[in-house]
Structure formats: structure tokens, C-alpha cells
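The next block holds one structure in the form of C-alpha cells; read it before the comments.
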Amino acid sequence: MEHLPVLVVIIPLLTVPLCVLLDHPRLAWLAALASSWLSFAAAVGLVLQVSDTGPISYLLGSWEAPWGIEYRIDVLASYVLLIVTAMAALVLFAARESVRKDIPEARISRFYAAFMLAFAGLAGIVATGDAFNVFVFLEISSLATYALISMGKDRRALSAAFNYLVMGTIGATFILIGIGFLYMMTGTLNMADLAARLPEVADTRTVRAGFAFLAVGIGLKLALFPLHLWLPNAYAYAPCSVTAFLAATATKVAVYLLLRFMLQIFGLDFSLVLMPLDTLLLVLGLIGILSASMVAVYQGNIKRMFAYSSVAQIGYMVLGVGLATTTGITSAILHLFNHALMKGALFLALGGIAYRIGSTTIQDFSGLGRTMPWTMAGIVLGGLSLIGIPSTVGFISKWYLVLATLEEGLWPVALLVLIGSILAVVYIWKLVEAAYFGTPEGNPEIKEAPLSMLVPMWALVGANIYFGIHTDLSVGLASRAAAVLTGGAG
Amino acid sequence: MELPGLYNYWVVVFLMMAGFYVVISQGNLVKKLVGLGLFQASVFILYITVGKVSGGAAPIAVEGITSYSNPLPHVLILTAIVVGVATTAVGLALVVRIYEAYGSVEEDEIHAQDLVEDDISEDPPFTESEVGKQ
């Protein structure tokens, strides 16, 4: 049990060479699936252990903490690890059928290898307590992600992957520069040690420059509003299972990095009082919510529409962080969890539709309410959750967000959040209208998506409802994590 | 005294901005990758400079030497160099596949071809192709 923090990362990492060596589509899939469920079990163990005994510190190779690399799992890290591993396990369950259709057979085993590499990288970012290690895992997951995106069928996937590679590398290099500046001033790379030593040297130009580099670098990875340009095409043209995984995890891990670096390492005093990060996040978050939702309304390709909607949802999370109160940060962490559930369900459902129809344009949706009732019902429920209808998870996170803005007396912000929800109604309605009131064109023999894709999708839809009613687990963990970040006892 | 002491940092800033500028301004994908490589290389030099202690020897335990350069940033940057090589490799592999798919490595030509494809899905003829290129 004491090795759980490293097992979460090592299990998927070891599956990567295994998948390549097996070189057999079915065996590689089985290996990936098994290791993702093992990793998920380890994450569940970590959540239990952390809530039992408090933060876990794991010394890699038994080197003492500030010198060696430390894996540190606190409430927030265990929570995000749970999301990442659960999404990987569910998406891989659904992936087999859709991957068989999307990717040439000779490449399938290497596809799973890249998938597991991306997964291991994301889990590593969350588990590690070492700033330089973050950069290494970030690049591991990013490089694997570029390869995954480029495997999309459409040739535009290639240019989307290339653009993401250029922007992602700039972002990661900015993070590297930022970490270098912090190391220059403190001589340490351990996060807890950095947090302890930074206040002494906080008021220097080097630290402020490091902060700026880190903020921009993480903003790029996060797809924060003006830096989001890589995201829509990357999500739209990647294979469906990749989109579902990335939408549910990659940006969430970036939000985690934002919280970790800005609130814990730099500390609230530095990030929010000395540097105007709160105002910046508040304004960019709001612009992101409104502009991306508006663009989403006009998209003809539904995958692209939900990609823009993801940019908007990231705006909600960033807005919560920007409020900088315990309630605000709780709403951000809560939305991180809830958005993973919604977008996981929605993109898996789109994967089912792409599997049967081969495209995801709005025209192809006409009549789908009758030909693929279960898939469409899943999309409608996921969409309701995205809008924030009561008794879905979307409502819970919006509720906390609006509550946090009202606590601060920022009612215009609360109003804009609600306008964002109305825009979500508009683009979800477009889908519903096409699917249920449009007439099926030409192809009457479209069948329901295969069961292996429906089950994980409905598991997520069920989670959307379950956690919308039973909020103890998600809200409890989120508010405890937020209390730790804002310096409370937790 | 200031300038020679900060000489390396001036080089870093110059290389970084030059690389960044190439990435933004060049339409050719291979040249973009060259710029990206330059941009990353500047950060390598930054880290290596950070570790240098003036008058310090290489960090090898030899009698009579008391001042050593800090080896940690140097080791860190070895990792970053590997990452940089991997990034360039993935980037070049993507460029090869883009060339196979589009027959071009110029950003604007690729973009124009994408626009044409979007038009085809709405109206049949090829007439908009010249408009798309501008």
C-alpha cells in the first residue's frame, strides 16, 4: 500500500512498451484496459488513504525530500488522480470498437501505447511534488498527445496536431523558464520547499518574471481564452476516443497545475495581492465563457461545437479560481470534476455517432433521436448537465460559482455566468431540434451504437445525475482541497 | 563589469526572441520547427549559465579545489535537451505526413486547401479555390 503514489504512474508507463511489444490490436487493448483499471484502483486507494491519514509523501528511491524527487499526494492531488484514472479506464473500455474503425489495424497497438503514455504523463504531473518533474511529465503527455491527435482520419488532424505541437512546446518551454527562475532564487525544485522559501525573495524581478512565464505557460496548456486557439481543431479532428479522454483530463490537469503553482507555491499573497492574477483570471474567464459559447452556437461540426464549449467551461473554472475565495476555489475544483463527467459522456456519445455514421456534422443528426435513441438520450442528459439544470452535476458547480460571486458582491459576474448558461441552451437545443424534429435522411438502417460504447457512456451519464443529487463525495473533497489551498486547516 | 557578467543572458534573450520570432513569422513548417529549436536551445543556455559559479571548477572531487560549479542545472538541462530532440522529431514526422497529405509545407497553402474542402461540403464546384488562397 505504501507504494500506491508511484504505482498510479508506473503501471500505465510500463504498459507503453508492453503494448508496442505485443503488437496485436486486441492484446494491446486488453493490456491498456487492465492497467488503466489497476491504476484507477490505486487512485481509489489513495483517496481513501489521504482522507484517512492526511497527505502522503513518497520518496522516489528513498532519497530525502528536498534533494530527491518526492511524490506528494494531498486531497487535491488524489481527487484529480481519481478523475484522470477513472476517465482513462472508462474511455479505454469504449475505445476498442471506435479505434478499430478510426485507425488502420497495423497502428492500433502503437495507438494504445501513445494513449497510455499520455495517461502516464498526466497522472505523473498530478502525483509529483517536484517542479522540474512536472515539466518532464508535461512533455511526456504532450508529445504522446500530438501523436494521438495526428491519428485522426481527416488530414486536417495533421495540421491541428502540428499547431498544437508548436503552441504546446512554447507553453512547456515557458513553464521551464519559469521553473528555472524560481530555482535561481531559491536553489530548490521541491514544491513544498519552494513554497517555504519563496516569500523571502518574493519581491524580486526574477521571481515576478518567473511567475509571469509560468502563468502564460500554464495558460497555454489550459487553453485559457486568448491562448485557446490550438484546442478546437485538435479536439475536432482527433479520433473520438482521444477527444473524449483529452477533454475529460488534459485541461483538468492544467487547471490542477494552475492551482498548485499559483495558490500553493507562490501563495495567495503573492499571486493575488502582489500580482493581479485574480483580476486577470476573472476577466479572461468571463470573456472566454461568453465568446467561446457564442462561437459554439455557430459550429456545424458537433465535435468542434463541444470543443468550443470546453473552452467556455474552462472559463468557469478559471473564474472560480479568480474569485480567490474558498467558495470560488471549491466551485473551480468541483467544476473540474463535473466537467470531466459531462464532456466524457458527450464525447463518448459523439464517438458512438461517428462510429455509425462516420461524421458528426449537424445535418447528420437529423432523425437520430429515432435511430439511435440511447445515444441521443445520453447526449441530451449530458447537454442538460452542461447547461446546469437542477439534479445534474452542472447545476451543482454553477450553484457554487454563482454563490461565490454573490459572496463577493459581484452580481454582474453572476449575471454573465447565467448568460453563458443560456448560450449553452441555444447550442444544445440546436442538437435536440435536429435529432428529434428533423427527418432522417436517406439512411434508415442506422443502428444504435455498440453496447461496449453505450455502457461507459451511460456510466458517465449516470454519474452526472448521481453526483448531481448525492453531492457529499464531490463537494466534500472539493471544499477540503480548497480549504487546504487557501491556507485553512482542511 | 555589468555587460561581460551578463553576457550569457544577453545571448539567451537574443536567441529566445529570434527563435520566437521565426516561429511566429515563418509560414514554412520546417522553418517554424527550426525557430522552435532555437527557442528551446536558448533556455538550455539559460540553465547552463545559472549553474556556473565564477571561478568554480568542474564538479569533480579533486584535492585542492574548493569552489565548484553547480552540476544540478546542467543535469536538468540534459533532460530538457532530450525533450527538445523528441519534440523536433515528432514535429518533423508530422511535417512529413502533412507533406504527403497536402503536397505542401507552406502554412497558407495548407490553409487554402482546407478552406476549399470546407466549401466543397457546402456547394459543389471548385470556383472558390482562388478566393481561399488570398
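Even glycines carry a Cβ here, placed using N, Cα and C.
TrEMBL annotations: computationally assigned, not manually curated.
TrEMBL assigns the feature transmembrane segment to one of the listed ranges (A:310-331, A:376-397), namely A:376-397. Beyond its flanks by at least six residues, the transmembrane segment (A:409-429) meets 282, 286, 289-290, 293-294, 296-297, 299, 305, 309, 312, 315-316, 319, 323, 380, 383-384, 386-388, 398, 401-402 of its own chain at Cβ-Cβ distances under 8 Å.
Tertiary neighbourhood of the transmembrane segment (A:6-22): same-chain residues 28, 31-32, 35-36, 38-39, 42-43, 46, 58, 60, 71, 81, 85, 88, 109-110, 112-113, 116-117, 119-120, 123-124, 127, selected by CB-CB distance under 8 Å and a gap of 6+ residues from either end.
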